[in-house]
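The structure appears right after this line, and notes come after that.
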Amino acid sequence: MWREIRDREAGKTRPNSFTNRIKSNRIADLQLSNCKDIVSPHRGSINSLQVDLTEGRYLLSGASDASAACFDIQRATDYEGRGLIAKHKCLFAVDKQHESGHKFAISSAIWYPVDTGLFITGSYDHYIKVWDTNTTQAVVNFKMPGKVYRTAMSPLATSHMLIAAGTEDVQVRLCDIASGAFAHTLSGHRDGVMTVEWSTSSEFVLITGGCDGAIRFWDIRRAGCFRVLDQSRSQLGRRPPILACSATNKVSISKALSVGQNLPSKPRVHQKKPAAGNGIKQSPLGRTPAKGPLRQRLHPGMLSSQDRATAHYGAVTGLKITEDGMYLLSAGSDSRMRLWDVESGCNTLVNFETVRLQTSKAIQLATTQDSSLVFVPCMTAVKAFDVWSGMTSMTFRGHYEYVNCCWFNSQDQEIYTGGNDRQILVWSPSRLIANEMDTGPAEDQDNWSD
Amino acid sequence: METVGGLGQGKVRALIEKATNSTEAEVEPRLLKAIKSVVRYSDSELRLAAQTLMDLMKRDHSQVRYLTLLIIDQLFMRSKLFRTLLVENLDQLLSLSVGFRRNLPLPAPPAVASVLRSKAIEFLEKWNDSFGIHYRQIRLGFDYLKNTLRFQFPNIQANAAQERREREMRSKEILQSKFEILKGNLSSIKEEIQSTLDEIGECLEIVRTEQETMPPGPLDDEDFVEFRPSELRQIRLDSLREGEKIHENSENKVVFDALRELYKLLVTKHLVSVQEWISVLIRVEVPDNRSRDSVLKEFIDIQNRLQSVKKKCVESGYALPDTTKREKDEEEDFWEEGKIESIKLESSNALNKLNENFAVASTSGQTKNDSPESSKGKAKCDQSQSCKGADSSSLRSKLLAEGPVVKWGNFLNNWDSNRVVLANQRGLELESHWGRVDYNAVIPAEKIAELNIRATIYEEEQVEIQPCHAPLHKGGLCQRRDLRVCPFHGPVIPRDDEGNPINKSTSTSDTTLDSDLIEQLAKQAVKNVRNRENEEANKRKLDKQSQKRAKLAKIREHNEAVLRDAALASTSNSVFAGENVKATTGGRLARNKKKSLASMLHKKESTKDRLAQRLLNTRARDATIRLLTLGEDANYREAFPNQW
């Protein structure tokens, strides 16, 4: 540790690599935090957790007793055990008693990505509500056709303010906060939609996973989905060429994605000269020559062999796109995790050592910033898998019932997990410098009397 | 862990396995001690122990789990490393010991399983109390079991607090009641003390007057001894002062005795009780503080007065602790340890009587003049008492006249009171206790009564031992006093003045009896003896037979009982495994199998059992079917009341 700091001081290491190294060291020794307690006001299982994206300070939780609560995770409200244990009580909570509160379980509670002035809750009572944080009043109300399973807002959107909502209904709806109405209705799934996720590389790309086992990619600027992931189409491991240089990496991604986005023109090209020599750039898409034209002809929702492809046997319960937007992780009720190459739409055949996953509920996955680890709620524990090898690197045991959600706070390198036992647990790196408070009350030491 | 292995590696595993392989309700203390000592000095052994213990917790046998849990608790309370190791899998440990997961119930012997569960819950509470602050996992587990699963925790700490509060309440009540009592008989207490003080004062007065009548010793010759060394002068002065003091002699002995007795009463009773009252007054909480304060002031005054009187007594040297006196008495008594009591005894008797009188007087103020040899001082005392006693009510004096006169003793203080007494509030502030002092400790009334049982010293009746009085050769009578047999003249018998025995029938006359008669008598005697012997032999024979019969009957009975037990045990499923095994193996099988873990799990099922089960099942099924059909019928009738 000190040597690294000296190296950094001497300019031997780059600032970026230095921080990365320290961060990864900290992540490697995450453990249940003794000195940070989140006092859960919920009387039901925690379904959703999110730390705001602007300050990284406020944790929002949604629970099945129709309550949502907000915590300040950086400043404790009070201390216990002579300052040893910091208690974080909720700053505010909205529950059934609230005049415009939800009636049934809140399945998803997310922050408005731009600031912490708004947050959005989706509930089993068929409503999505947008709340003003400061007055804790519901400002917009969306009536959905069924239970809301998951809501999502694009973290990079600049041109739209759409809430994507996965519900019991087969259609995915996009709710516009600006107008208070549904902007889009995306149909394609044959069963309820368990999970929705916006792409982290393009503000117009939405990914949805349904109970029918399909993962669909939508470009919200055009009708129909442009890709259905098929578990039988696979490639081995990561694509090598893109990692040539980190600087060009981003460009290539954006280019690759722009390829995807400019599909309306491309498929036509494909159609006209099928099996013609594609450019190197188009090579991932070129592997599916039949897909473009077929979808072009088909009206969304019509039958086709591609359209029937499934990503999991059973329902897709969790989706998480990596920070760079190149890979997609999915969890299914078949207790499998899959890593998809977004660019090619192929299953990368990474075998994650999940033993069992919860099947009845949507689960919330989390990845680290450099997408080296993925945190997955596996029944009563949370496991951290290496994204590229699928090996278990850590297991977090602490909950006494099923864990539903987890969130990685990349700023403090902490994870927050919520489960059916109504607890929100904080897992943080162990402190390097032993706190002097540790020698406080009733010292924890060996006590051999004989 | 195996790679770390040294020479002694794995010892702890064997020890733990041996310790848990038992059917006892406790881990064998020697093994436990061995485990602890092994684990204490080696971290790798401790890790191995944690591993082994967790493995053993997974064993499909509640007894093993129970013993393992006991060992875990022992190590958990001691080693930090063990705690950190164990806490990582606390949810697993809890599910294995509490069995709160429905798909993982506790294994077989149900009796042990319930004990295991309650013990695990108790331990968890204990751990949470002592280490919860350092381990989030323990807090989580405790919280989960308590608030989510609503397990009942024994709640030891809160109970202790509750108990303490109750105890405090009780002691407060006691103090309150004591205060009430004190308020009730404040005047009588004061009177009593006052009377004692007065008596002491009078006694002192008497002594002093005697002193004045005594010829004054050589007075101060300081004029011409000034040149002497100061030490010598001091000695001389001391001796002079000593000479001024009055010494006990036969004349004023009675006064001194009285004084001594009064002093004793003062020190052992009044002073102590006053101190106790003061402490009560200090501690008690009453609504009106003024009255309490005034009473307290009075008591402090009394205490001071008592102290001063005591000091005076000690100074004047009259009331030297009478232990020396008693020792002297004992010394004097020493040579006449036998049964003969001399005048000495009489005098001491008289003393006792005197004491009695004083005791009674001091408590009641009654006059009782039963010691004729009372001296002047005594008379004076009596007078003072009598004038006080005059104003007490007549009924009381009558009752007192009737009542038995008892020697004064400590037991009279607590006569007929069933109050509890605070053990550590005796008015003495002992600061140098080692350890904590429980100020609310209470001695129950029965114990007080037990402690204050009236003690009496056994006093022998005075027996006048008769002299032998046998006529001596040289004339005169033998003057030896022996109890029964005189070594020279045989048994001591009553004799007349000349020494002849008064009763003639026994020894001297039978020599004159007829020899025939003697023979006859002898024959008769022999016959009688023979007859008796025969009879006895017969009886013995009969006895033996009946005994044999009884024995047989007993054996039969026992066998029957055992068989019955066995039958019961083997049929009833409710009997838990432990007793069950014992009964069946002891009853049906002659050989006594050793109890083992496997046998605890084993449950014998006989044909009878199976039959019973089947019968029960079919019967139950029939009953339910009947009930159901009945219900359906009723429903049908209700739904369609017109149709039948």
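One is the number of the first residue shown, and numbering goes on along the chain from there.
From the backbone N, Cα and C atoms, a Cβ is placed for every residue, glycine too.
Noted in TrEMBL for the protein shown:
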- A:99-141: repeat 'WD' (REPEAT)
- A:186-228: repeat 'WD' (REPEAT)
- A:263-290: region 'Disordered' (REGION)
- A:309-350: repeat 'WD' (REPEAT)
- A:396-428: repeat 'WD' (REPEAT)
Helix, strand and coil residues within the repeat 'WD' (A:186-228) as assigned by DSSP: 0 helix, 22 strand, 21 coil
Cβ-based contact of the repeat 'WD' (A:186-228) with the repeat 'WD' (A:309-350), 3 or more pairs under 8 Å: yes
Within the predicted model, mean pLDDT of the repeat 'WD' (A:309-350): 91
For the repeat 'WD' (A:396-428), sequence-distant contacts whose Cβ falls under 8 Å of one of its Cβ atoms, 6 or more beyond its ends: 23, 26-27, 30-33, 36-38, 40, 42-51, 56, 59, 61, 63, 71, 73-74, 358, 361-369, 375-384
Helix, strand and coil counts within the repeat 'WD' (A:396-428) (DSSP): 0 helix, 20 strand, 13 coil
Counts of helix, strand and coil residues, the repeat 'WD' (A:309-350), according to DSSP: 0 helix, 19 strand, 23 coil
Three-state composition of the repeat 'WD' (A:99-141), taking helix and strand from DSSP: 0 helix, 23 strand, 20 coil
